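Asker: One structure is given below, represented as structure tokens, and several questions about it will come after.
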Ligand SMILES: C[S@@+](CC[C@H](N)C(=O)[O-])C[C@H]1O[C@@H](n2cnc3c(N)ncnc32)[C@H](O)[C@@H]1O
């Protein structure tokens, strides 16, 4: 059974979009995963196909109606569908590699993409939606966040990445950022490759890479670095 992604969106034409090419596109054609986008608007019941309304309590913008969203979710998830239902929102928990690994290990995901000011809170609670954020900034809709989440999951599915694209050493796989990469030419515009990488000493290369990973993480992402220190301190000796 292939990994199954269903996207609920007002813009189904955005899918698979960039996921139709390269690694994810090949995996899609090979049936390793499948992707369907349902148009939330097709679940509106009035003549004008309305999906939003003004916010109770006043304020700017419009809110996505719970009844329309709920009908779309029912169509996407037949009874017994074990896939997590995710609402992409800047109010959610930040997407990280552990969450991606978790989603990729399951049967797939159902992703609800908000627009306007977002979705009525009652349907989020009634459906037990997992609220997930792509980052601490506001996008105009959940679609770009959904594409990012799917891309991160699909590359982890068995058979998608070859050995040359291994996920074992990359950034976030062990809580650290990855070390820097170099390729030919060995000297470019007066800049030489770090000599250790040309030395042929595997243990020294590994040590250098580890030091570079640690330095980059400490400098650029003190939040990750501190989490590593705490986890290390708590690990059994
Ligand atoms: C303009 S945003 C609404 C932002 C909302 N009023 C707020 O301040 O939290 C419209 C939709 O884009 C999506 N979105 C925006 N930023 C996002 C982010 N950082 N991560 C995931 N989804 C996001 C959500 O689905 C959201 O409902």
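Even glycines carry a Cβ here, placed using N, Cα and C.
Predicted automatically and left uncurated, TrEMBL annotations should be read as such.
Okay, these came from TrEMBL:
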DOMAIN    6-226  domain 'tRNA methyltransferase TRMD/TRM10-type'
BINDING   114, 134, 135, 136, 137, 138, 139  S-adenosyl-L-methionine binding site
Asker: If you measure every Cα to Cα pair among 114, 134, 135, 136, 137, 138, 139, the residues listed for S-adenosyl-L-methionine, what is the largest value in Å?
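Answerer: Per the listed residues, the maximum Cα distance equals 16 Å.
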Asker: Could you check the binding-site residues 114, 136, 139 and say which one's CB has the most other CB atoms within 10 Å?
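Answerer: Comparing the binding-site residues 114, 136, 139, the most crowded Cβ belongs to 114.
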Asker: Taking every protein chain shown into account, which of the binding-site residues 134, 138 has the largest tally of Cβ atoms within 10 Å of its Cβ?
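Answerer: Most Cβ neighbours within 10 Å: 134.
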Asker: Sorted by position, what residues of the same chain at least six away from residue 135 (S-adenosyl-L-methionine binding site) have a C-beta under 8 A from it?
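Answerer: For residue 135 (S-adenosyl-L-methionine binding site), the qualifying residues are 94, 95.
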Asker: Using all protein chains in view, find how many other C-beta atoms are within 10 Å of the C-beta of residue 137 (S-adenosyl-L-methionine binding site).
Answerer: 7
Asker: Where does residue 135 (S-adenosyl-L-methionine binding site) sit in DSSP terms: helix, strand, or coil?
Answerer: coil
Asker: Averaged over the domain 'tRNA methyltransferase TRMD/TRM10-type' (6-226), what pLDDT does the predicted model reach?
Answerer: 96
